[in-house]
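Chemist: I am attaching a structure below and will ask some questions about it afterwards.
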Amino acid sequence: GVGLLLFPTATKNLRRMWSFTSVLLLSIVMSFSVNLAVHQINSGSIYQYVWSWTINNDFSLEVGYLIDPLTSIMSILITTVGILVLIYSDNYMSHDQGYLRFFAYMSFFNTSMLGLVTSSNLIQIYIFWELVGMCSYLLIGFWFTRPSAANACQKAFVTNRVGDFGLLLGILGLYWITGSFEFRDLFEICNNLIYNNNNGTNFLFVSLCALFLFAGAVAKSAQFPLHVWL
């Protein structure tokens, strides 16, 4: 009998351990980001590391991270907002049966956002971009038994496909003209192509690719005319 009385309390405490762990991990990342941002402001240093896996002479897979001052600022923003959302949600979702599922989605969302801003190439950007979109889909349709939530997440999924297709076209276009997905290579090659091209063809093509990339951001941030999903 005593066990039956204590079981709900013990279960609730175990559930809330997940939120505590999520907030703790984000706090550690935020502290690291703040320390890194201060160091970069003082020294102007940029950190990049790339793991390269050569499959054959014509193709190699590269994965890495690029941390510059903008990355540090975005990491601080992501972790700060994420911590505040998790703290608020701990009480707001405390009586919901999907408590653990919600915190799993939020943790995955924060991780995907951090992966997005620390990516060193466009392939990683696209992968984490799609993961962020998947998390948005899951969170929007969290109460999927409600018709309004189910319809909203489907609308978000379809609308974001338009922006994601534009993002993919921009990435492929930049690779076609530069032959690289790495940001540092892209910046250098694009600048050379623009300044060394007299007829302006390269400038127009790079501008078109930039517009395709911008279309992805427009859809993800629910800006006009792709604002209908929010």
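A Cβ is built for glycine as well, from the same backbone N, Cα and C atoms used for every other residue.
In case it's useful when we look at the structure, here is the feature table from TrEMBL:
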type	residues	note
TRANSMEM	17-38	transmembrane segment
DOMAIN	53-103	domain 'NADH-Ubiquinone oxidoreductase (complex I) chain 5 N-terminal'
TRANSMEM	63-87	transmembrane segment
TRANSMEM	99-117	transmembrane segment
DOMAIN	119-230	domain 'NADH:quinone oxidoreductase/Mrp antiporter transmembrane'
TRANSMEM	123-144	transmembrane segment
TRANSMEM	165-183	transmembrane segment
TRANSMEM	203-222	transmembrane segment
Chemist: Count up the helix, strand and coil residues in the domain 'NADH-Ubiquinone oxidoreductase (complex I) chain 5 N-terminal' (53-103) according to DSSP, in that order.
Modeler: 29 helix, 13 strand, 9 coil
Chemist: Averaged over the whole of the domain 'NADH-Ubiquinone oxidoreductase (complex I) chain 5 N-terminal' (53-103), what is the pLDDT?
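Modeler: Here the mean pLDDT over the domain 'NADH-Ubiquinone oxidoreductase (complex I) chain 5 N-terminal' (53-103) amounts to 83.
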Chemist: Please list, for the domain 'NADH:quinone oxidoreductase/Mrp antiporter transmembrane' (119-230), how many residues fall into helix, strand and coil according to DSSP.
Modeler: 84 helix, 3 strand, 25 coil
